[in-house]
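Visitor: Pasting the relevant annotations from TrEMBL:
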type: COILED; residues: 124-158; note: coiled coil
type: DOMAIN; residues: 148-220; note: domain 'PAS'
type: DOMAIN; residues: 223-275; note: domain 'PAC'
type: DOMAIN; residues: 276-346; note: domain 'PAS'
type: DOMAIN; residues: 349-401; note: domain 'PAC'
type: DOMAIN; residues: 409-481; note: domain 'PAS'
type: DOMAIN; residues: 485-537; note: domain 'PAC'
type: DOMAIN; residues: 835-890; note: domain 'PAS'
type: DOMAIN; residues: 908-960; note: domain 'PAC'
type: DOMAIN; residues: 992-1210; note: domain 'Histidine kinase'
type: TRANSMEM; residues: 28-49; note: transmembrane segment
type: TRANSMEM; residues: 61-81; note: transmembrane segment
Amino acid sequence: MLSISWLSQYMPHGYCYGWRPSLVGLHLVSDTFIGLAYYSIAITLICFLKKRESIPFYKIFLLFAACIFLCGTTHLVEVWTLWHSDYWVSGVLKAVTAGISTYTAIALIPMLPKALDLRTPAKLEALNQQLEQEIAERRQAEVELRELSTRLDLALEAVGIGIWDWNITHNKLIWDSRFYELYGTTPEAFERDYSAWAKRVHPEDRPHAEAAIQRALRNEAVYDIEFRVVHADGVIRYMKADGLVQRDDEGTPIRMIGTNYDITDRKQAEHQLMASEERFASLAATAPVGIFRANTEGSCIYVNKHLCEIARLPSEKMLGAGWIQAIYPEDRDVILAEWHNATSQNLPFQVEYRFGNPSGPVTWVYEKAVPEFDHAHEVIGYIGCLTNITERKQTELRLKAATDEVAQKEALFRNTFEQAAVGIAHLAITRQFIRLNQRYCEILGYSQQELLNLTFQDITYLEDEDVEHDLNYTQQVLTNQIQTFSMEKRYIRKNGTLMWAHVTVSLVRLQNGEPDYFIEVIEDITARKQTEEMLRLYERAVCTTPDHMSFVDCHYIYSMVNDAYAQKFGKSKAEIIGHSVAELLGEGVFLQTIKPNLDRTFAGETVHYQSLFSLPDERQQQQYLDVTYAPYHEVDGTITGAVVSVRDISEIHAAELALTHQTCRAEALLELSQLAEQLNEHEFIQQAQDIAKNLTGSQVAFLYLVYEDQATFELMGGGQQTLTDFGNTVAKAGLPINQAGILADVLHQRKSIICNYACGPARQEQDFLQTQGLLQNHEHLSCLLSIPVIENGKVVMLTGVGNKDSSYTDMDVETVQLISNLVWHTMQHYRSLQTARLLAAVVESTEDAIITKDLNCSITSWNVGAEKLLGYSASEAIGQPITMLFPNDRISEEVYILAQITQGKSIDHFETVRRHKNGTLLDVSLTISPLRDRTGQVIGGSKIMRDISARKAAEDQLKAEVKRRQQVIQALQLTTQRLGESNQELQDFAYVASHDLQEPLRKVQVFGDRLSHTCQDRLSEKGQDYLARMLNAAVRAQALINDLLSFSRVTTQAKPFTPTDLSQVMAGVLSDLEVRIEQTGATVDVEPLPIIDADRMQMQQVFQNLVGNALKFHKPNVVPQVHVRMRSYFTGGKEFCELRVIDNGIGFDVKYCDRIFQPFQRLHGRKAYEGSGIGLAICRKVIHRHGGILRAESQPGEGATFIATLPVHHSQGEENVSTTE
């Protein structure tokens, strides 16, 4: 009742979460028809009363009409509230209805007796007929009464009952004739008044008899008494007297009528029975067994002393149903059921059970009881005896325990033998199998019967070198030199395969010391042996791999390195293992590169990268390395270190750079060859020099055209000047320019010459340089690369580049050579040489396959690149159809290619497949151009074919990886969808379950309260304590259900985001907390808060919980101080606001920052601080729904700060976001 009157405990009312449109429609139709039906009933009743105003209880009928009318109105209002939330109107109307209904019920109570007294005409008619029938019956009864009176007199005379009639008013006492006989007197000797009767009562019984009459006259008791009378001759008889008192209208006794009959014979029998019972009691008291008497209901009416001693209860507690309390609690129900079964069939009762309780001594008894019959052979009770059989029971228990122990040991041995995870066998001294378990059979693949017919040697791999050790060990066991032995050996399975087993053998001896049988235990270690072999192979592979392998623990210390790693740094393994990475690689490299990658690996990430690395030694050698960091997981998933794999890919990197350079060079050469048809000779030479400078990184380029006399040359691309006697100034080969003419060296030695050290002249040396082969005003040179172009055994052109920032390489020589050749052949083209010679120079210098064909699809040229790529030599390919390179399914491509060439169109980067001479297929990229004659007619086509197999393989790997990741993403999406559905089901379940828990919990509270009010005085102290605990638990359960509802409403009753003034929300919260703020004396300082897009009710929940917690968890004797701070900032083009709720309370340890946001998690007991631990979980869920983050900062005793970061605005797509919790 207290919980019903406590309004704050009520849950806010609203339509149930599980309501659907169909359910709402059902309620709409039902409430509408109920309301209309109630209205029709009320109107009909009022119309009836207007026409029958004389009807009894007119006002009650009017109240009934009002109640029915108001009930109908409440149902129509329920329909109204489906669209309009006028719950106060509905509540007030229900309150009025309740008031009138209550008044009607109260008014109806006093009217009920009057209404029941009313008789209808039909009942009146029935009463008349009944009255006539009763008159007739009365007349008949009078006749029968006379006959009955006659018979009664005869019967009373037969049984000796006398009748007396006492007129109290006149003190006149009348006896019948039998009465005089009973009292031993005559009518003449009897004075016929009260005193005459009293004188004949035995003096000892007279006070008791008169008192009984007085009680009957005062209407205090029925007159029913036994007493003695004294006859005139002194004989004493026992009388049984009964009487009824007749009274007048005022209740005054005026007459008393009764009977007396002689019970002397019965009294004498009772005396004899009492004497017999006394003898029985004496015998029972001295008997060495417990004796009792009980009625058929099981109530004990007698117990002897010995039974009380056995039961350890006094006799007064054993009587009645008290003897049941002496029975051992676990035996009570069984014994009572047996008792009722025996008594219901009047059978003897025989059973063994216990007296006592679990916390005290226990006594075993044997009880036997037999029915006790009366003179009519009806069972009137049971009489029995109990014998103390505790010692016998203890002996039986000890015997049973011993038997059970033996059976348990046998079962344990049997289970151990049969259910063991290893094979166990018993073998005779001859090594013949005696018995074995199922696991032994499974390991070897035999059935038990098969193995019992085999010997130990039959399944042993005899070629194993351990067989001799096995026999030696066996002999040592037999001679008692050793007790047991273990070894690893191989067996032959039934299917002929070998398996490794770990064998343990022991010998069981007889009592005289003679050997009895062997016990052999085998464990299949084949998998372990295979694993050990794999580990050995793995260790050998790690040690011999050219990759540099190491293991670094979480403290950045080397735990393992392989030989290659140690050799890389010129150290031994011992000099590296146990030392830190920073010590080996240097602090700077460790902090900048190694440590960040190791930290990522220790966090569970696999790191891979390629980088240029300098060895930390005096050589300062640079290598291009491929590095992989992989986390090392223990069995439990813990990461204890990182496996680092380093591979030197300097050569591969250099080859890639060279390939890139060659690609750029080829493209530049192709571009240059195409420019030959667009530019004049001077522009072409200038463009070629620019390309040479770009490809070699030079600042200077030059070109000399050498005449036939090999002594005169012409500077191309500059002023047209001629020099003679060029070769006469040649000095020793390889000297700097300022000492000898390098160009002359190139001319006469007919090879490339590189000068990579400083050799540039000062201005005053220019006259001297003219004699060294350089023109006046030649560019200042710091380094030089010069290349001869030779044709028909003669140097036809000298080219070169200079002033490169780094040294010239062979790649530069090859590049300048290619450009020089191309320039020379282009110049020849400009000088009326065929274009084919220029193309041939380019074709022969490239690594790509370049092929030409005529319009009949016959091959007309075949370069070295084609020989390398496709395997055919030029002699084998030229003249053959181009389709010999096509796979069968690609021949149709030639029709398309020929059509494009015929139309004068080029095909760029056409990717297809071609066949090698050995039949393998190659992925290639084709660039196809038409070939024209001098008149511009298409006479064929040229193909530049590039092998893209490596790129295709990389693309296939990439596609496979993309496909795999797409499958993973699809699986993750499916998992996410299932998790979302599961979370939604859990939310629905939590909301509905919490609703369904309300009703049984309210019943627990209501009936608990009723029990507390109605039965409080009848409960023991422990019962009152249990009741109080139950009510407290119900209150806590109600709070938990309310909290669970609040937690689920964050998503189930969420509202769209609207512009919300947080300052107004905070003001409302502080108004709600005003009482608590005054009680604690707290100060709350709130800065102006922004307007954001939010759910106003949910933000109010957040502020209510955060500020309420700040007030709740304050230090004792310290005034709480709460500060609410706000700041705005932009990130990613989006505005955010950061709200901080700061208090000076008790604080908490930062290690609990995650725990406090979990539902129903508390850091303090309920007695210290109220609450269930759901508030902060609701806060975090609300903040997450708003797309924000909630975190906490605190130190014990230093207060706490809760920080909520929220976006100020939400786009339409972001509204009503509910994160999956």
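Placed from the backbone N, Cα and C atoms, the Cβ positions cover glycine too.
Those TrEMBL annotations? Automatic predictions, nothing curated.
Keep in mind the model is a prediction, meaning the values are calculated, not measured.
Each of the listed features needs to be described in terms of its position in the shown structure.
Guide: Averaged across the coiled coil (124-158), pLDDT for the predicted model comes to 71.
The domain 'PAS' (276-346): residue composition by secondary structure is 43 helix, 11 strand, 17 coil, according to DSSP.
Taking Cβ pairs closer than 8 Å, the transmembrane segment (61-81) reaches residues 27-28, 31-32, 34-39, 41-42, 45-46, 49, 55, 87, 89-90, 93-94, 96-97, 100-101, 103-104, 107 in its own chain, all 6 or more past its ends.
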Visitor: Run through the domain 'PAS' (409-481) and tell me, per DSSP, how many residues are helix, strand and coil.
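Guide: Helix/strand/coil tally for the domain 'PAS' (409-481): 39 helix, 12 strand, 22 coil.
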Visitor: As a quick check of your reading of DSSP, tell me how many residues in the domain 'PAS' (148-220) are helical, how many are strand and how many are coil.
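Guide: Residue counts for the domain 'PAS' (148-220) by secondary structure: 41 helix, 12 strand, 20 coil.
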Visitor: Given a Cβ distance threshold of under 8 angstroms, which distant residues of the chain, six or more beyond its ends, lie next to the transmembrane segment (28-49)?
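Guide: Those are 55, 58, 61-62, 64-66, 68-69, 71-73, 75-76, 78-79, 82, in sequence order.
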